[in-house]
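Below you'll find the structure, written out as structure tokens, and then a few comments.
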Amino acid sequence: MTLQEQIMKALHVQPVIDPKAEIRKRVDFLKDYVKKTGAKGFVLGISGGQDSTLAGRLAQLAVEEIRNEGGNATFIAVRLPYKVQKDEDDAQLALQFIQADQSVAFDIASTVDAFSNQYENLLGESLTDFNKGNVKARIRMVTQYAIGGQNSLLVIGTDHAAEAVTGFFTKFGDGGADLLPLTGLTKRQGRALLQELGADERLYLKMPTADLLDEKPGQADETELGITYDQLDDYLEGKAVPTDVAEKIEKRYTVSEHKRQVPASMFDDWWK
């Protein structure tokens, strides 16, 4: 088995999918898991990007089906901007599409800035822009877990195969969640699910960005990665890609393995 095939298997990627069937499987997963845990629903941060829009709509469909079947479940969508978000219109469009039971807005700027200032005062140096970006991601997850804890809700994560293969997420930030309904999907497969669900094309054709850096606001994921999502998707779907691209992907996969594992102990062997 080639490394490419091993990665596809490890990340549960199918080269060809039926969007309608995938929607059904993922809604059923959300329903089954929330019932098993005894939780009362879900909470998810909504950025206006493809991934949170898709995960949010799946979550809302799941809780509506649970209620229609006589159960009790709710979904809270959370806007988590740092000051003013330049693509706020897209975030609002996503909320309109998702139709969450409840939506709230929580500006993380005061919390992040207070922490950054305290860090500088105590340690005598400023956080790097990259490190501060990770703080933003972790504060967002702290907020979601606070809302989830208050309301007995599970926190949904938006990780999918194209992020997982590169480790392109913040450990214990957007990478920290209770369940991942997009696991195994490539970026283009996620777009196909949103198309099937009737989303406005603005929500899945826009340039993907983590938008965590103050010094490079709105920087494209592909710029930061040095790899395009089409290249990642082709690789993950078993297609041939240029050798240098495959090497970049495989290197990122190898060095980011720790991000796809629970905290290491001396009894684990994945890191050896």
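Note: Cβ is positioned from N, Cα and C throughout, glycine not excepted.
In sequence order, ASP90, ALA94, LEU203, LYS206, PRO208, THR209 make up the list of same-chain residues 6 or more apart from GLY49 (ATP binding site) whose Cβ falls under 8 Å from its Cβ. The feature ATP binding site is assigned by Swiss-Prot to GLY45, ILE46, SER47, GLY48, GLY49, GLN50, ASP51, SER52, THR158, LYS187, THR209, with sequence analysis given as support.
Within 10 Å of the Cβ of GLU163 (Mg(2+) binding site) there are 26 other Cβ atoms, across all protein chains. In this structure, GLU163 (Mg(2+) binding site) is part of a helix by DSSP. Summarising the annotation, Swiss-Prot assigns Mg(2+) binding site to ASP51, GLU163 and lists sequence analysis as the type of evidence.
What Swiss-Prot records for ARG138, LYS171, ASP178, HIS258, LYS259 is deamido-NAD(+) binding site, and it gives sequence analysis as the kind of evidence. A helical conformation is recorded for LYS259 (deamido-NAD(+) binding site) in the three-state DSSP classification. When Cβ atoms from all protein chains are considered, those within 10 Å of LYS259 (deamido-NAD(+) binding site) total 17, not counting its own.
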Packing count at THR158 (ATP binding site) (other Cβ atoms within 10 Å of its Cβ): 25
Between THR158 (ATP binding site) and ASP178 (deamido-NAD(+) binding site), the C-alpha gap once rounded to whole angstrom: 11
Listed in sequence order, residues with CB under 8 A of ASP178 (deamido-NAD(+) binding site) and six or more positions away: THR37, GLY148, LEU154, VAL155, ILE156, GLY157
Least buried by Cβ count (within 10 Å) of the binding-site residues SER47, THR209: THR209
Which of ARG138, LYS171, HIS258, all binding-site residues, has a Cβ with the fewest other Cβ atoms inside 10 Å: HIS258
Maximum Cα-Cα separation (Å), residues ARG138, LYS171, ASP178, HIS258, LYS259 listed as binding deamido-NAD(+): 18
